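Features as listed in Swiss-Prot:
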- 33-53: transmembrane segment (TRANSMEM)
- 221-241: transmembrane segment (TRANSMEM)
- 279-299: transmembrane segment (TRANSMEM)
- 305-325: transmembrane segment (TRANSMEM)
- 339-359: transmembrane segment (TRANSMEM)
- 416-436: transmembrane segment (TRANSMEM)
- 518-763: domain 'ABC transporter' (DOMAIN)
- G564, P565, N566, G567, A568, G569, K570, T571: ATP binding site (BINDING)
- 963-983: region 'Disordered' (REGION)
Amino acid sequence: MTLQRGLPLLLQQYTALFKKNLLLSWRSKRATFLQLFASFFFILLIFCIQAAMEKSFASSTALKTVTDPTALISPPIPPCEDKFFVNLPCYDFVWSGNRSSKVTQIVNAIMKNNPGRSIPIEKVRSFVDPEAVDTWLMANPLLVPGALHFIERNATVISYGIQTNSTPEMNRGRFEDPTFKFQIPLQIAAEREIARSLIGDPNFNWVVGFKEFPHPTIEAIVALDTIGPTFFLAVAMFGFVLQISSLITEKELKLRQAMTMMGVFDTAYWLSWLTWEGILTAISALLTVLFGMMFQFDFFLKNSFPVVFLLFMLFQFNLIGLAFMLSAFISKSTSATTVGFFVFLVGFVTQLATSSGFPYAKKYSRMIRALWSLFPPNTFSQGLKLLADATSTPQDPGISWSKRAECGPNDDTGCVLTINDIYLWLLGTFFLWFVLALYFDNITPNASGVRKSIFYFLKPGYWTGKGGNRVEEGGICSCIGSVPPVDHITPDDEDVLEEETLVKQHSMEGLVDPNVAVQIRGLAKTYPGTTKFGCCKCKKTSPFHALKGLWMNIAKDQLFCLLGPNGAGKTTTINCLTGLFPVTGGDALIYGNSIRSSVGMSNIRKMIGVCPQFDILWDALSGEEHLKLFASIKGLPPSSINSMVEKSLAEVKLTEAGKIRAGSYSGGMKRRLSVAVSLIGDPKLVFLDEPTTGMDPITRRHVWDIIQETKKGRAIILTTHSMEEADILSDRIGIMAKGRLRCIGTSIRLKSRFGTGFIANISFVESNNHNGEAGSDSREPVKKFFKDHLKVKPIEENKAFMTFVIPHDKENLLTSFFAELQDREEEFGISDIQLGLATLEEVFLNIARKAELESAAVDGTMVTLDLTSGSSVEIPVGARFIGIPGTETAENPRGVMVEVYWQQDESGSLCISGHSTEMPIPENIPVTDPVAPGHGGVNLLGRRGRRQVQGIVIDPEFATFTRSGSTSSRRFSRSGSSRRFSS
């Protein structure tokens, strides 16, 4: 099958990624709806606020042109309850001068003759003099709107004074002027009744009125002008937060990393996001303008449609570039909302400064204006201000498209920035953010902690693709130390040495075996020591050698299984081969392409498939859509994609679930889909990193069948913690530990070389010699037969069977031994004899234990062994036989020892599973201390403290005795390679 290349592949990837973005947005309907229609709700809110403001001023003449004001004739004294802010019960007015009977009569007349209503006596309070009134007012605030002070000077002269609080009050948009509302009614009432009293005519009256000056319409407060910039910024924040969240989610879940391993171009990735977000931005800006016109705002009606639309679209488009850039520094999608709120808060503050005239006035320097204009909300706010000023009065025509480069009407800034200038600023800063986004995306650590040099774009190799594939580890603000070289150690295993010699010979001669898919040449990976500078602290890390020179061939049409405990270097090897991690030393050729060349890596990614350890899937996409996406990324011809997807779904038995979203899949279905993704496009090399983790047995068996069927025509590299899986699927197995290859070969080869020996399982008939039951007497002859001929005892026994471990050095005796045993089956009551090799798990544990023990001898890593006696000792990780200090007795002058049993925990690390019963230490066995004096043991929890009792390490080469019991059950698999003898 011919795959797409060059520009056609770029266009195909772009189309597939664009469709992926469209589907994700379509299926996140709530988020997409808010992004597009948030402007409607904010504009509706502005409309309601504007309507409320207009209603509150409806009775006021301030917003009207008044040429002939209407006079207000003799207004009455209002009830005190009409005052905006008053404490109840209150008084309509208070007065002083109550020692005068004439003054008292005048006040009574004021109360009686108040137009429209008389004032009850309980609503008025009298005092002797103004000082008494002041004292009462200070003690009783907000109880009365005004006071009258009368002084009877003689029979014909009565003077008075009025006391009110002259501060205007405001409540819910309405103003209360005490002069007009309280002072003038009190003044008219006092003068009227004083005049009637002095002339003696109670019916005397005159008309007194007052009116405001003629005035034009006062410019009203427009809600859109005051709160519009903040609301429109909030509208844009919806798309901003969603964009950052989408980018970070793909990075956090390693979805982008998966696409990179499959060969996606960065250009296609960023262009697909830019195009889709640009479309959403254009729709959002269009709807914003249409909603503004629908609510009849002059801002949208008078200004030219393209002028307003372009301002909103360029602003939101600018925020896309800002979101791209900020996403490079954020690692958690949950932080997207926090970042969005912070940008909104900063934008709100800077918009307030911009609305006050800073810095878009001639008194500010161009440098300040340029720096201020880099932040998108600032130029957007200034653009809104210019458009609002152009429609501030009914006579203002707004800004047309042809006059966008001219100074707008009512521009009080000195015309330092026109609408056209704002367009150019928004467009220019978008390209600035976008270029910075691409730059920071390359120099900030990705999900694997890898980044490029900060000067990567200055290197010719980056542009030509021939200068290597140089990347670095660590953050931007970390100082990477020198990488210490890896000391070459000649392998002590003959198979590993033979493999290394063969690869070195091919490398020196420049030969490439046509039957070899992957040739690893001294691959080394060291994480350098770094110094990270943070706030008031400095963190240092030491160099760590993850791979210490790996040499091996992986043949075509074979499945190579890479085993090893946690930290062995399996995943690091895969990450180096797939280009996720840079190699420190050595190289690897995949079908003749070097992983250290960017051109070679580009070719490699076209021919590999990867099933990561954890499912890397979009919950919102179906299984069929996943396969179509990755098929397009791999460059399959468009005409063959549908048929290839149907075939892949059928292979993993997901045809019926192909159109169901992956988020609804079970764990097993997701793993099957991940395997299908790795096999899409018929890759020549497939990496399967623990493909059956967490599967139920039935699903696991089915996935094994899939892997077996797809082995032909390609090479497969498998990592797993399941020894059964490795035994069944692999053609060759390599076991790694501590960054080195410890053994390599077929399963049979490894079992025969590293197993404890042969496993003999003897099954007994239900009755012996017609006794009706199998007692212990019927098994004793068998035990004696094994002990006399092979010097072994059973490691496990019950009334139905016995299990013996026969050392390899007895292999030459087995033929005659089992021939005689088979001849005596009836005598011994034996129903079945099985002979097999040790299990692969035992081989793995032996290799892992040895590596851990070597490491413990260097760094003193210890773990606690709890004995059945209740005591505990510190032992090196991986030690098999341990002498117990302080157990010397007359019966056992050298003390006792135990065999420690090890197993893998759920994370793949070695842990203690139990130990044998205590046994005497034979005289011929040399013993050594696990840690040299003063070395300072460190346990697995990393604690240093008081020195505990340390066990004595016994070399297993000398421990050739037999074992008869343990504190934990140890069973041996009866499946696999075995010979079966039955009567």
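The backbone N, Cα and C atoms fix where each Cβ goes, and this holds for glycine too.
Remember, predicted model here, so these are calculated numbers, not experimental data.
Sequence-distant residue pairs (6 or more apart) of the transmembrane segment (416-436) and the transmembrane segment (305-325) include at least 3 whose Cβ atoms are under 8 Å, placing the two stretches in contact. Taking every protein chain shown into account, G567, A568 are the binding-site residues, and of these the Cβ with the most other Cβ atoms within 10 Å belongs to A568. Least packed by the Cβ count within 10 Å, out of the binding-site residues N566, T571, is N566. Within the chain carrying the transmembrane segment (339-359), a Cβ under 8 angstroms from the stretch's Cβ atoms is held by residues 229-230, 233-234, 237, 240-241, 244, 322, 326, 330, 365, 368-369, 372, 375-378, 381-382, 385, 412-413, all 6 or more beyond its ends.
Taking the centroid of the Cβ atoms of G564, P565, N566, G567, A568, G569, K570, T571 as the ATP site, the other same-chain residues with Cβ within 8 Å of it are T572, M736, A737, G908. Only residues 6 or more beyond the boundaries of the transmembrane segment (33-53), in the same chain, are considered here, and those with a CB under 8 A from a CB of the stretch are 173, 220-224, 227-228, 231-232, 234-235, 238-239, 242, 280, 283-284, 287-288, 291-292, 295, 297. Beyond the transmembrane segment (279-299), the same-chain residues lying 6 or more positions past its ends with a Cβ under 8 Å from any Cβ of the stretch are 25, 32, 35-37, 39-40, 43-44, 46-47, 224-225, 228, 232, 235, 239, 305, 308-309, 312-313, 316-317, 320, 387-388, 391, 398. Look at T571 (ATP binding site): DSSP puts it in a helix. Within its own chain, K570 (ATP binding site) has L562, L563, G564, D689, T719, M736 as residues 6 or more apart in sequence whose C-beta sits under 8 angstroms from its own.
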